[in-house]
Amino acid sequence: MELRALLCWASLATALEETLLNTKLETADLKWVTYPQAEGQWEELSGLDEEQHSVRTYEVCDMKRPGGQAHWLRTGWVPRRGAVHVYATIRFTMMECLSLPRASRSCKETFTVFYYESEADTATAHTPAWMENPYIKVDTVAAEHLTRKRPGAEATGKVNIKTLRLGPLSKAGFYLAFQDQGACMALLSLHLFYKKCSWLITNLTYFPETVPRELVVPVAGSCVANAVPTANPSPSLYCREDGQWAEQQVTGCSCAPGYEAAESNKVCRACGQGTFKPQIGDESCLPCPANSHSNNIGSPVCLCRIGYYRARSDPRSSPCTTPPSAPRSVVHHLNGSTLRLEWSAPLESGGREDLTYAVRCRECRPGGSCLPCGGDMTFDPGPRDLVEPWVAIRGLRPDVTYTFEVAALNGVSTLATGPPPFEPVNVTTDREVPPAVSDIRVTRSSPSSLILSWAIPRAPSGAVLDYEVKYHEKGAEGPSSVRFLKTSENRAELRGLKRGASYLVQVRARSEAGYGPFGQEHHSQTQLDESESWREQLALIAGTAVVGVVLVLVVVIIAVLCLRKQSNGREVEYSDKHGQYLIGHGTKVYIDPFTYEDPNEAVREFAKEIDVSYVKIEEVIGAGEFGEVCRGRLKAPGKKESCVAIKTLKGGYTERQRREFLSEASIMGQFEHPNIIRLEGVVTNSVPVMILTEFMENGALDSFLRLNDGQFTVIQLVGMLRGIASGMRYLAEMSYVHRDLAARNILVNSNLVCKVSDFGLSRFLEENSSDPTYTSSLGGKIPIRWTAPEAIAFRKFTSASDAWSYGIVMWEVMSFGERPYWDMSNQDVINAIEQDYRLPPPPDCPTSLHQLMLDCWQKDRNARPRFPQVVSALDKMIRNPASLKIVARENGGASHPLLDQRQPHYSAFGSVGEWLRAIKMGRYEESFAAAGFGSFEVVSQISAEDLLRIGVTLAGHQKKILASVQHMKSQAKPGAPGGTGGPAQQF
């Protein structure tokens, strides 16, 4: 089948014909052998062909013998020259029997052709025998055109041309024989030839001239000059028996680097000057990248110009670049023995993006000589490979002049000649910092703790403000093993130590001038057993028991008072300080970490410490007030690896910032609910400090909804709201007030489960925070659009104020992440709420859901629903989906007039794209333009079918666009209102 298919393919090139014998070219007698030697036999004659050239012919016409006689004519021996099949083209004329006057019944109008193979010219007049065997019959030839002889006229007729195929041949040569058995004919010429495939170049592959040995013959090709094979086996093509190449796809050769295909893929041409080709392939030559050149033809790479370089990791097609210039505007901030350097990026980055910085330090003596700084100095995050334009340097000695050289580097800096340019800065430390703390004493030790004390050093610039204790286990190496403790007294208790372990301790003091240097390391050791401290522990147990009894009594009294207040139908309020809290009915009570004398104790109590070696940070996914938010992996021994979210505390933090950062972990660690973000643990014993929580794949709810606008059903949205309400019910039962409930603080996992997050961070935003969501109010930052009016005015945060915020979250969810109150200013929002205006229902919002929102926005906080009631109401809606099909009307009751956000008049938009962006459908701007909807006149006629054709497949998006078009039509009617102004101006 494959061979038959190859024979059916069209040919790639014309076949060549190689002549073995052509009587037209013979000028002497042919002297072919005839048999028998009798009268009436074949006769050799001379004649003229159609072109009046002299040719040798044979004629026969024996009509005398009735019954016919076989007349044989045999050519000379013809070498086949490797041909397997030979073609014979015979030119002859044949007399019509009826036109012959003496024609007998044995007159024929045909003759027969035979051939005989032999290894040499061995035939004689009698051998081989003149019969069909040993001769091999080729064909009996009949004339298509007969010559007629009319009385008194010359014979007329056409020349017959017949081509026969001989073979297959296997011996060195052959004879061709003609047998006449009663015909009157003339053999005008004989052309013996064979066919072969001519040489061929296709797809950069050369195939030689080939004589076919079989029906089809595979021929191996070779790549043309400057081409290389790219496939194994080498490319091949089939030569057919008729001398034609079978057409098939030829692949396997491509031009070498520095060469491109040309002349219809027949040659590989060298790339010209100024161009190059870096790899093997069919691509064209490319112009040299920036700052490079090629002076020679056939270049696989362009060389960099003087002063420009290409890094080893850069591809050959990348431009050549230079090292960056020096950083600019280096400034320093000195705080005692700690220095922070900051600088601006260099003017010239060298054309690269892998910019890093390196800082070198030299200590200059009064005599003028400068030496490298000592090993006691530390750089944070390091002296080299800095990606941010700052570095913190610790361990500076007082009254010393330092020279810091800041250099910018990139991927080609190591290839450049000479050192990189740098920007120097000289810093002289103050001599006023406290001296090193020495004479550390162990006043008491136990198997897990050490109590140390030391003499108060003399501070030249005033009193010592506090101390920093640095300690680590002897033999432990690396920054993760070092711990720090701050104390305001000249004593410290080191807790959580290993039994019978040796520790190295250093202390430094801080005055108004900053920190002094650390003193010499002091060796201390914990006890092996507890025999020496049992008395202290016994006293501690007794004291704890007494305190516990007192606390139980106080809690019981508070619970009774709270139950009485609840029986009067009034909600218990929470003060601004979380330390005042209630006991829930059989529920664990939230404890404010700031009620602890040492907030770090709250972290140890409620958050699990995780070894930093179990944590792997994979990528940064966001940034917060205190540092970066990353995605990573947690692999604790004996547990399955899990994906976690990691909040990190940025460098240069104060102790207050560290305490407030970790307070969120102290809060989160007290909660355990499927709709509350789960705390995995904290990393506090290494830098950076981390908080690890479960990873929520879909991120914040507001951005997730905006990204999937119109893609969720009402039931799905109500299910999300039910999960949020369930989490808030749990927090309310634990007597915790969130204060910052908003869709941005709700996280969504891959199963669309919503979980409440962000416990505490928003309460610590500083006054100079740039986040526009939070506005200053009575000394703190408040998210105005989500906060109840009593909380804005009097900072009275309660579970009822969280209910108000929950109503705003409901509106955000049903509007797919729309910003509450749109572009109204915060002051306009406050004024509108004071005048009892409320948000209108989002598009297609069920009436029951908007009514629940209005209930949450009651001015009287005691009239707002509690979270158990909210959960119950949402459960009823989910069980009765028909209630969600009643869509809210865009007007409110008498007690709750609704804010009106009318769409501006379409004439206010400069283009269709601007209109699409205004209705949050800007993603379809290019699709509208490509489909011809470029004017409002055309857009006003758009239909749902048009939207599908454009590519708007989401039903929610179709509704929004068609509703806006309908509004546009109403605006175009005569007398229609203009409808200008923002939402804050139209109530």
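In case you wondered, yes, glycine gets a Cβ from its N, Cα and C as well.
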Co-listed ATP-binding residue [Swiss-Prot; alongside Ile621, Gly622, Ala623, Gly624, Glu625, Phe626, Gly627, Glu628, Val629] among Lys498, Lys647, Lys755: Lys647
Cys184: disulphide-bonded cysteine as recorded in Swiss-Prot, out of Cys8, Cys61, Cys304, Cys320: Cys61
Cysteine of Cys97, Cys197 paired with Cys107 via disulfide, per Swiss-Prot: Cys97
Candidate annotated as N-linked glycosylation site in Swiss-Prot, where the set is Asn203, Asn768: Asn203
Arithmetic mean of per-residue pLDDT over the topological domain 'Cytoplasmic' (561-987): 81
The one of Ser911, Ser943 whose CB sees the fewest other CB atoms within 10 Å, among these modified residues: Ser943
Ser911 (phosphoserine) and Ser943 (phosphoserine), Cα-Cα, nearest whole angstrom: 19
